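Asks: Before anything else, here's the structure in question.
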Amino acid sequence: MRDGAFPEIRPRRLRTTPAIRRMVSETSVEPRQLVLPMFVAEGLTQPREISSMPGVVQHSRESARKAVAEAAELGLGGVMLFGVPEHKDATGTGAVADDGILNVAIRDARTEAGDALVVMSDLCLDEFTDHGHCGVLTADGRVDNDATLEIYAEMALAQARAGAHLLGPSGMMDGQVGVIRKALDGAGFTDTGVLAYAAKYASAFYGPFREAVSSSLEGDRRTYQQDPANGREALREVALDVAEGADMVMVKPAMGFLDVVASVRAAVDVPVAAYNISGEYSMVEAAAAKGWIDRDAAIAETLLSIRRAGADVVLTYWASEYAARLAH
Ligand code: PBG
């Protein structure tokens with residue numbers, strides 16, 4: 001400092017005008033980096049609102065096709081499809097049937113958008129089981145890892161036949177990526193990729209998702225999803241998934257786990273995705289509805305922060321809205 005009184009170095013200079021701030025901005029969010037998660041419900045003729053996620057719906061097949069077309073038009077990276085079957089059972093039969101709602105929705109999305117965006121599908125049983133767990137249960141009610149893997153392999157083939165570009169195993173069963181990769185390769189689906197939910201935490205912020213997929217889960221997923229206390233464990237999960245053949249890895253949730261996003265980004269050279277989940281969406285929407293925060297600014301800051309932490313791709317319920325905003 002000159003004479004000990006005034007600073008010679010003034011970081012504020014680079015913040016003086018919007019143009020200079022824009023020029024030196026380190027991070028951007030582009031439509032191609034955004035993925036829209038979508039819920040498609042069997043038997044609906046009209047989209048149905050999800051009360052805990054204002055602005056998000058369970059789609060009918062028809063409204064889902066429109067949303068996919070719009071997403072492609074907006075230049076989104078892709079869509080992540082979830083199926084909500086009319087009938088659920090203990091083993092999630094609807095997940096492996098070619099006419100199950102998720103597989104039908106994948107076909108619809110490919111018919112609508114072709115290769116204009118990446119069609120991704122959630123590969124997990126919780127939307128399809130009557131108990132709401134991500135796998136099948138043993139006689140004493142525990143989630144049976146290896147019996148579940150056999151069903152995941154069948155699910156992978158059904159989704160690949162339907163035309164999904166990338167499969168998103170999200171059940172956190174040990175070995176799921178390897179089993180899926182092997183099943184795909186064995187059936188000739190060598191170009192179908194795997195976006196592994198590699199580091200997925202047992203989070204309270206999935207709350208609204210339960211309503212979105214009409215889940216009847218009682219209890220929690222702590223025997224298969226990670227403890228939010230653990231950071232290093234995420235690197236172990238990610239390394240395993242990459243070794244098993246994951247083409248991309250995901251960290252989920254995003255906002256409370258930005259340190260994990262950053263450390264995963266530094267540890268691997270495959271693309272890293274982060275999922276800005278239901279509860280993160282609903283918190284911003286609820287606070288904005290009360291007038292407590294500026295909605296548009298909070299959405300922009302949320303997406304930017306996830307990108308800044310190191311995510312190449314962000315799954316967010318605001319994907320289409322945000323891409324439309326960028327276009328103006
Ligand atoms: C499991 C799955 C979940 C989400 C995506 N895939 C629920 C869970 O693990 O409990 C949550 C997505 C969100 O909350 O937005 N199939």
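Cβ coordinates come from backbone N, Cα and C, glycine included.
Predicted automatically and left uncurated, TrEMBL annotations should be read as such.
Worth saying up front: this structure is predicted, and the values here are computed from it rather than measured.
Copying in the features that TrEMBL gives for the protein in this structure:
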ACT_SITE  Lys200  active site, schiff-base intermediate with substrate
ACT_SITE  Lys252  active site, schiff-base intermediate with substrate
BINDING   Arg210, Arg221  5-aminolevulinate 1 binding site
BINDING   Glu237  Mg(2+) binding site
BINDING   Ser278, Tyr317  5-aminolevulinate 2 binding site
Asks: What is the interatomic distance between the Cα atoms of Lys200 (active site, schiff-base intermediate with substrate) and Lys252 (active site, schiff-base intermediate with substrate), given in whole Å?
Replies: 5
Asks: Write out the long-range same-chain contacts of Lys252 (active site, schiff-base intermediate with substrate), meaning residues 6 or more apart in sequence whose Cβ is under 8 Å from its Cβ.
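Replies: Residues satisfying the criterion: Ser170, Tyr197, Ala199, Lys200, Tyr201, Ser203, Ala274, Tyr275, Ile277.
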Asks: Among Arg210, Arg221, Glu237, these being the binding-site residues, pick the one whose CA is nearest to that of Ser278 (5-aminolevulinate 2 binding site).
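Replies: The answer is Arg210.
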Asks: Using C-alpha atoms only, work out the spacing between Tyr317 (5-aminolevulinate 2 binding site) and Arg221 (5-aminolevulinate 1 binding site) and round it to an integer in Å.
Replies: 23
Asks: Scan Arg210, Glu237, Lys252, Ser278, Tyr317 for recorded positions whose C-beta lands under 6 Å from an atom of ligand 1 and note them, or write none.
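Replies: Close enough to ligand 1 are Ser278.
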Asks: Provide, as an integer number of angstrom, the distance between the C-alpha atoms of Arg221 (5-aminolevulinate 1 binding site) and Glu237 (Mg(2+) binding site).
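Replies: Cα-Cα, rounded: 16 Å.
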Asks: Going by a 10 angstroms cut-off between Cβ atoms, which of the binding-site residues Arg210, Arg221 has the sparsest surroundings?
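Replies: Least crowded of the binding-site residues Arg210, Arg221, by Cβ count within 10 Å, is Arg210.
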Asks: Reported as an integer number of Å, what is the Cα distance between the residue listed as 'Mg(2+) binding site' and Arg210 (5-aminolevulinate 1 binding site)?
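Replies: So the Cα of Arg210 (5-aminolevulinate 1 binding site) lies 25 Å away from that of the residue listed as 'Mg(2+) binding site'.
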